[in-house]
Amino acid sequence: MQRVLTAAQMREAEQDAEKRHGMPSALLMENAGRGLAEVARSVAGPDGRFTVLCGPGNNGGDGLVAARFLHEGGARVAVALVGDAAKLTVESARNLTALKSFGVVPRSLETLPELGHGDVVVDALFGTGLSRAPAGAFAEAIGAIARWRRTGAKVVAADVPSGLQSDSGEPFSPCVEADVTVAFGFLKPGQVLEPGASLCGRVRRVDIGMGGEASKELSGPRLMVVEEADARGTLPARRADSHKGTYGHVLAVAGSRGKTGAAALVAKSALRSGAGLVTVAARGDALDLIQSHSAEIMGTPLDGTGPLGMRDLDALLAAAEGKDALVMGPGIPRGPETGALIGELLSRVELPAVLDADALNAVADDLSVLRRAKGPVVLTPHPGEMARLTGKSTKEVQAKRLELVKQLAAGVGVTVVLKGDRTLTAHPDGRVFINTTGNAGMATGGSGDVLSGLCGAFLAQGFPMPDAVWTAVYAHGLAGDLAAAKRGQLGLIAGDLVEQGLCDVWVRWGR
């Protein structure tokens, strides 16, 4: 996995690098500027020109170093220093003096050459410390970068595109849109969370000499980007002497008349993800239809009609006997007692449980029922469900995804999967796993049911928490990517993930 550092953690890591390795800030800046120059050179055309826009902070100092390396390498380089030169940091001022000694003198923004195809503009105006919208000369410089990009120049951003909030991925206005962003030392949240990830373009991480251990004992959040090798490594190869009991039994409380497909998707996803057995508990008027979707689905009828309530507790306790994981929520008939039923069931069965859809809506008014659970609990809300769980608007949820998912996980003591682009998996201990698989074709009914089944299958097989969950999230997104590659995003449906995408993932992983 790749560690992701906030702006405060990055400052702490830089200080640690100096204490632990004797790496002064001047050397870190030199390494950052060298890496920035190398990336800029790699995206330029054969006769490309370089324009470097530098602010007065250390990010601007990185740009000044990059300009020096580009000049020394024989490139045509123009540099503009934006803002008050009297506010240059000590290291930036030293590098400005060094650059001038090579004959490169900063110019005003108005006198810079127009750029086109093959040329590169390096954005080194602001780094990770930006706290307000760029204005004045900085806004003009960002406007110039946008103009050059429209005429064909490539934009390379130093650490984060200027105008982007490093810790959240939310842009101020104006904000640079980069083709490539060079991450110094470690990834930043704004480089991997949307909409920042799209504004960063391709992210190229360069080593600036801080050492990998610099991130191990930092204060604050522990954010990681999951990589394919991490997810693949969670799933062991099957033993030759195994049997269906080896791989667990999932109980899915799901489905109702008109929503039998939700239960079928949960069950089939769990089966396609390695669960040895899957039983669906549902009202009798829906169960026959659910089981008709697949011969492998077993069923437990819940007597009566109408919403799930306390009258169903004994039947569900009996159904949970001998099971290894519980999935509850997709397509269930919800009523006034459903939340109490879920709380009582979780307090009396020692199973890992995945709550989705109407199970989330049922407990939203009283999350305290989750604290009584005997086993680990996983919540898998989409932004609308997350809004109900947190008492926020959907807009607030989308603007503060990282903050809210951490708060909910820690506050209730559950693992929370906040679905969406760059799905976040937050563990109660403060770790947050950022997912990079998936595509817009998965914005279709039933995709979340497939994820619930995946999580249930991995938990039933005994994979540890939270590894089982972030692996399920990664595999779910990758299944969508592989299915979309064959069927296109426009025509993608949830069934494609189950019948094609997941199988393609397991073949790709040798599982």
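Cβ coordinates come from backbone N, Cα and C, glycine included.
Caution: TrEMBL annotation is automatic and unverified by curators.
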Query: Given TrEMBL annotates Lys419, Gly420, Asp421, Arg422, Thr423 as AMP-binding, which of Gly391, Gly446, Gly448 belongs to that site as well?
result: Gly448
- request: Return the residue out of Ser25, Ser162, Ser166 that TrEMBL annotates for the same K(+) site as Asn59, Asp123.
  value: Ser162
Task: Examine the ranges 1-21, 211-231 and name the one recorded by TrEMBL as region 'Disordered'.
output: 1-21
- request: Taking helix as H, G and I and strand as E and B in DSSP, count the residues of the region 'Disordered' (1-21) in helix, strand and coil.
  value: 15 helix, 3 strand, 3 coil
Message: Considering every residue in the domain 'YjeF N-terminal' (10-216), what is the mean pLDDT value?
response: 94
Task: Can you grab the distance from Ser162 (K(+) binding site) over to Thr128 ((6S)-NADPHX binding site)? Cα atoms, rounded to a whole Å.
output: 9
Query: Using DSSP and three states only, what is Asn58 ((6S)-NADPHX binding site)?
result: helix
Query: Which residues, same chain and not among Lys419, Gly420, Asp421, Arg422, Thr423, Gly448, have a CB within 8 angstroms of the centroid of the CB atoms at the recorded AMP site?
result: His382, Leu418, Leu424, Asn435, Gly438
